[in-house]
Structures are given as C-alpha cells and as structure tokens.
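Here's what TrEMBL has on this protein:
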type	residues	note
TRANSMEM	42-62	transmembrane segment
DOMAIN	53-295	domain 'G-protein coupled receptors family 1 profile'
TRANSMEM	71-97	transmembrane segment
TRANSMEM	117-138	transmembrane segment
TRANSMEM	159-179	transmembrane segment
TRANSMEM	185-212	transmembrane segment
TRANSMEM	233-261	transmembrane segment
TRANSMEM	273-297	transmembrane segment
Amino acid sequence: MSTLAPLRLLREPWNASEGNQSNATAGAGGAWCQGLDIPNELFLTLGLVSLVENLLVVAAILKNRNLHSPMYYFICCLAVSDMLVSVSNLAETLFMLLMEHGVLVIRASIVRHMDNVIDMLFCSSVVSSLSFLGVIAVDRYITIFYALRYHSIMTLQRAVVTMASVWLASTVSSTVFITYYRNNAILLCLIGFFLFMLVLMLVLYIHMFALARHHVRNISSQQKQPTIYRTSSLKGAVTLTILLGVFFICWGPFFFHLILIVTCPTNPFCTCFFSYFNLFLILIICNSVIDPLIYAFRSQELRRTLREVVLCSW
C-alpha cells in the first residue's frame, strides 16, 4: 500500500539512512526483497468487514441484558479495540486515495498531524486488543478454576475498573510511543508486552486444557468409554490450537518486524523483511475479522441476538 507516511514510526528503522537501506535491499537477494504490492481495495474490504462484524458484536451485547456480564463486557471491549484497528486503516486508506486523486488538497503540516493521529489510534488499538485478549484468557481461567467464587472474584465493579485501566493504559502508552518513538527502549517495551501476553495466554490455556483433559479422563475411566475421552481431548486440543495459532500468526510477524528494527536495522535480510510491512498490517486486520468468530459468535445466545440485530427486530 503506497501511502503518504502510514505508520512511518514502525515501517522502517530510523537509525539507518535511506541510502544504506536501498543498497542493502538491492544486495539482499532480488525480487523477493521488493515486498508485496497489496491493493488499497483489500485494505478497504477487510477494514469494512471487520468494522461491520465488530459493530454487530457490540450492538448485540448492548441489546441483550442476558449478555450484560463481565465476560461479554470484555468481549465487547475487544470488539471496540478491533474496530479501532479498522477505523485507523480505513481513515488512512481513504485519505490517501483522496489525496492521490486530487480530491483532497491539504498542507504538509496537516498531513503530519493526521499521520500522528492515525499512528496513535493504531498503537492504542494494538495495546488494547492485546490487553483484552489477555483479560479474556484470565476471565476464562477464573471461570474454570474458581467457578463457585467467580461472581465474588470478578464483580461488575472490578470488571469496570479493569476495562477503564486498559483503555487508560492504552491511551497513555500510545501517546508516549508517538512522542519517543526514536528510543529503542519504547520498542522493547512494546515487544516485551507482546511476549508477556503470548506466554500468559499459552500458560493459562494449556492449564485449562490440562484440567479439562483430567476431568474427561476420570469420567471416561468410570464409565469405561475411552472414546468420549479421546473425542473431548481432540476438541480441546483443536480449540487451543486455533486460539494460540491465530494469535501468533496474526500478531507474530508484526512484532518480529519490531525486533528486527531494534537488533539489525541495516542487515540486508532484515531490510528485505521490512519491505513486507503491509502484509503484517493485513494480518493484524485479519485478526480483527477472526476475533468475533473465536470469542463472540460461538455463543448461542449471542448468535440469536445477532440475528435479531441483523433483522432489525429491536
């Protein structure tokens, strides 16, 4: 996606000169270092699909009082975070198209301010999305291991404080990032945050799967039906693989890109990797499309409410 300065803070290392980067790219190995030419229409289409999907999730949760619980509030916040990803992508693409076709003519200083706002919106959505994915994992963990005490542990007041804290931290961190983006320590903090969320989700979901596997084994041994054990274990393994696989595939390349910016900004092969930045953005937008399918649409109550929302039966 050719653009004015989209996410220029993350697209390429700032401690490598343009000449060095172009020489490194030329010498790193031919055509594959030129990146992918991703059409603007794909960004627009994925952004619109994600926006509509997550709007439906938010509308359904707000409409149905049976869904007014901490778990669905966290899913609603995740949907809002994914919507911010879509909105920042749509705003950037639309502004770029309008300016390329001469429909919108604005001064360079205003363009820079717009870039800052879009970058801040994107960074905030990244932090909040990762945070709420972790919060949902913790909530599910409490639901399974502390089922009888869940409502006393995860009260509505604590849920509201958690949500407010995540949004506040996301806003502050994105502001700090935009202000001090040339400091590698900022990037390292962002990378560390991603790794922390990855390890947290991995540990919690594996522990939950191990408990479910243990329960199924006990039941199957008492009923002498090992087939039930194998089937349930396979379902749990598939679900766990989907959750962690989607998370790592969609977010991993983007944060690996940040790691390379810090560790090898002038290396020819790293430079080749930088040229695929738009592909990494596509994967993040795809994650915003997939999240409702994993965390929201699996609920029968939510699906029923979604049908009512789509049919406008308010």
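Note that Cβ sites are derived from N, Cα and C of the backbone, with glycine treated the same way.
Taking residue pairs at least 6 apart in sequence, the transmembrane segment (185-212) and the transmembrane segment (71-97) share fewer than three C-beta contacts under 8 angstroms.
Sequence-remote contacts of a segment are chain residues at least 6 beyond its ends whose Cβ falls under 8 Å from one of its Cβ atoms, and for the transmembrane segment (185-212) they are 127, 130-131, 133-134, 137-138, 140-141, 144-145, 176-177, 232, 236-237, 240, 243-244, 247-248, 251, 255, 258-259, 261-262.
Within the chain carrying the transmembrane segment (159-179), a Cβ under 8 angstroms from the stretch's Cβ atoms is held by residues 9, 70, 73-74, 77, 81, 116, 119-121, 123-125, 127-128, 131-132, 135, 186, 190, all 6 or more beyond its ends. Here the domain 'G-protein coupled receptors family 1 profile' (53-295) returns a mean pLDDT of 82 for the predicted model.
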